[in-house]
Amino acid sequence: MDRILLLKFKPNSCNVHWWEYRPGNLYEYWNKVILLQHGLLDSSHAWTMNLKNQSLAYILADNDYDVWLGNSRGSTYSKKHQRFDSSQAEFWDFTWQEMSNYDFPATIQYILSITKVERLTYVGFSQGSLIAMTALDAFPELQQYINLFVAFGPVGYFASVEGAFLPLAQNYKMLQFMMRYLTNGEILPSNDILKFLGKYVCGLDPYLCMSVINSIAGNDGSNTNLTRLPLIISHSPAGTSIKNLVHFSQMINSGQLQKFDYGARLNRQVYGQSKPPEYTLQNFNVPTVIYHGGNDFLCTKKNVERLMRKINKTVISINYIRNYNHLGYFWSTDAVNVIYFSLLKLLQNY
């Protein structure tokens with residue numbers, strides 16, 4: 001794991017990079033830069049959870065890519081702020097909207113400034129694809145820096161959602177109550193309780209753990225290596241803000257790809273209109289590859305079809321994997337053969 005960890009920001013925002021420990025700067029020989037961005041309630045660990053020969057981050061590194069692993073704000077390795085501490089409610093006043101408006105542009109510019117390349121490849125899973133699409137739509141000038149956008153289980157339009165997340169979304173006011181009165185705004189962080197559950201509960205009864213996960217993500221078609229579950233659960237979920245979950249819930253209820261809904265009065269103050277603005281994606285113009293699964297409860301076929309109607313002109317290929325759920329793109333043991341080998345061939349053209 002050391003090779004990958006040294007290719008990204010160190011935990012706790014310690015900005016130490018691997019090349020500082022080697023004579024010279026190898027970047028003059030290395031121009032294939034790729035950024036992997038995880039999904040909701042996850043962290044960069046998502047890309048390294050399987051065995052080394054089954055994890056996309058390692059596979060890319062072994063094929064001479066300079067691999068950067070992003071960590072969305074509020075996740076395990078992204079809890080630093082210039083003004084606020086993560087124990088303060090002000091720290092958790094964000095959704096994926098802020099990740100799109102501020103974090104995505106800053107991350108791209110930072111990586112390019114370090115690597116000295118002109119463009120990079122972006123791989124986003126779920127929320128990771130959402131923040132990229134909306135940022136590239138809102139800031140078209142960023143598109144010149146992305147040579148290829150790879151979307152695993154892209155979300156944005158929720159024409160249909162199945163599983164346990166749907167009733168939660170339909171009752172999102174409960175989340176708002178929690179955010180206002182019961183917590184500082186953080187939800188489901190990685191902690192000692194999860195590590196205990198991962199080690200003892202999932203270790204003793206992995207099928208029980210998978211049944212809970214499948215109720216949210218969809219049936220995994222027996223593709224997950226159950227012996228890895230204790231490790232996976234010890235790192236994921238990795239936390240986010242309650243406000244972020246509220247935002248996703250609002251989108252599920254409205255069926256729109258929209259900004260956060262503060263209510264009519266505050267919307268007028270924030271947006272200058274009573275309803276939250278929608279993202280049209282009409283400015284999005286980046287070569288795109290989409291992967292989606294037949295058992296995915298969140299990125300359903302209907303949701304992908306609606307997204308395709310918005311960005312169809314930019315899509316190079318769309319890949320339907322019948323037995324994959326929402327986590328299959330990096331949890332499945334056969335992802336190497338089903339996705340990664342063909343993806344590596346495609347990347348050679350960029």
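Backbone N, Cα and C atoms are what each Cβ position is placed from, and that goes for glycine too.
Here the structure is a predicted model, which means the values were calculated and not measured.
Copied over from TrEMBL, here are the features:
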DOMAIN    33-316  domain 'AB hydrolase-1'
ACT_SITE  SER126  active site, nucleophile
ACT_SITE  ASP296  active site, charge relay system
ACT_SITE  HIS326  active site, charge relay system
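In the predicted model, the domain 'AB hydrolase-1' (33-316) shows an average pLDDT of 94.
ASP296 (active site, charge relay system) counts 26 other C-beta atoms within 10 Å of its own C-beta, drawing on all protein chains shown. Annotation for HIS326 (active site, charge relay system): same-chain Cβ neighbours under 8 Å, separated by at least 6 residues, are SER126, GLY153, ILE216, ALA217, GLY218, GLY293, ASP296, PHE297, LEU298, CYS299.
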